[in-house]
Amino acid sequence: MTSSPKKMAVLEALAEVREPIGLPALLEMLPPDFAERSVRRWLGELVEEGLVIRSGQKRSTRYQLSPSRRGEPGTEGESVFSQAAREAINYVRQPLFKRKPVSYNREWFESYKPNQSSYFNKGEMEVLAESGQRVSAREPAGTYARRIYNRLLIDLSYNSSRLEGNTYSLIDTQRLLIEGRGAEGKLDEEMVMTLNHKEAIRHLVEGVPRIGISYDEICTLHYLLSDGLVPARYSGKIRDHGMRVGASTYVPLEGPQAMERQLQTIANRAAAIHNPHEQSLFLLIHVAYLQAFTDVNKRTARLSANIPLLLNNLVPLSFNSIGKDDYASAMIAIYELNDVRPLVDLYRTSYLRGCQEYDATAEAMGFDEIRVRYREQRRQVIREVIANRLTGEAQRARIVEMATQRVPGEGRDGFIEDVMEDLEEISPQRIAGLGITRQQLELWLESQQREN
């Protein structure tokens, strides 16, 4: 996760340019104390996190902020909808007075029979399964989610909030979730929305495999996502009043008991589905269609849709590359026409793009050979510097001396850079395995402050 202030500065520099940029040009935009090797490593990490796109090879390598990270999802105006889906989209984009008022359609819901009916066709299911699998089926549920937690947290918080009209940029989201700093000039409600996503995603990842697809879990997600955004009596609870959906002629079901029974049925039916992607889409459709809560229904549906994916160690659905207007229209097509084709197109397109992006960024990331090869030597040097309270020139001289003794010439400069960077970023949370105490660290930090 992007936590280092210097690493964040690299991301901010890339946000200032619209075209792919090479490393030399990027270094010119950064302060002189940004070592080339460190910047190169940070770029690799940003690529792995999906925040930056890398293209070209060797001297032709270029970097740019991912378009979806600029709040430019890339599907608006593109032909992501099939011809059949476009018919539904064209209908729901007509003025309201031209569209027929409709209510909750129980017959449509009841017509779906788990493992007999399906919203995805067989070919789509096969492609999604093949593209989404990342770890062995023998691995415990949630293994993959925990492995990519940092990226999932940022991607899903940002994109799900963006689909609700939240104006936080990706960098704003990074700062808020990592540093706890809200963006200037942004509404408090937007900050709460983003932070609530963080809590809900953490709940899911930490809860796997204990959690399942259930009525209680859906209500828990609503509570976490809506806390502070709706009156407390409605957070995590079925609404007791009528409601309407903006920009739609759809009139949702009313009556708390009827909605509670229906949400129970939705959860039970979803749990009975064998295919995890079909489960995911079913939840995405029907939790939102029911509109059981006073607000935050679609957000609850989006996170609920990730439960079967996390349980099966599949790539999660982060809703990247989905345009806000396209998503809104696809949902209205479900509300008014019970037509799932537009949402199927968006789900499939976004999911496959997400899988491809993960593969590309994981391949580009690689690993820092010097950092890995000389891990123990680096820790020994850091331990000696801190234990002996070395600062300033004495610190630098000792690091160079120990590097000369322990590391061959071709890796020495990189090793010294790694040691200096680790000392700069050291904190009580990062001393595990160094063989020093918190008190020793505090004394060294005090010596550093006096030196400066």
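Heads up, the Cβ atoms here are built off N, Cα and C, so glycines get one too.
Its own atom aside, the Cβ of D295 (ATP binding site) has 18 Cβ atoms within 10 angstroms in the protein chains shown. According to TrEMBL, the ATP binding site annotation covers D295, V296, N297, K298, R299, T300, A301, R302.
According to DSSP, the domain 'Fido' (213-349) comprises 83 helix, 3 strand, 51 coil. According to TrEMBL, the feature domain 'Fido' maps to 213-349.
Taking a C-beta cut-off of under 8 angstroms and a sequence separation of 6 or more, E164 (site 'Important for autoinhibition of adenylyltransferase activity') has the following same-chain neighbours: M193, K298, R299. Under the heading site 'Important for autoinhibition of adenylyltransferase activity', TrEMBL lists E164.
A Cβ within 8 Å of the Cβ centre of D295, V296, N297, K298, R299, T300, A301, R302, the residues given for ATP, is found for these other residues of the same chain: H222, L225, V287, A288, F293, L303. Cβ crowding, taken as the number of other Cβ atoms within 10 Å, peaks at R299 among the binding-site residues K298, R299.
Listed in sequence order, the residues of the same chain lying 6 or more apart from N297 (ATP binding site) and placing their CB within less than 8 Å of its CB are H222, V287, A288, L290, Q291. All protein chains considered, the CB of T300 (ATP binding site) has 26 other CB atoms within 10 Å. Along the domain 'Fido' (213-349), the predicted structure has mean pLDDT 97.
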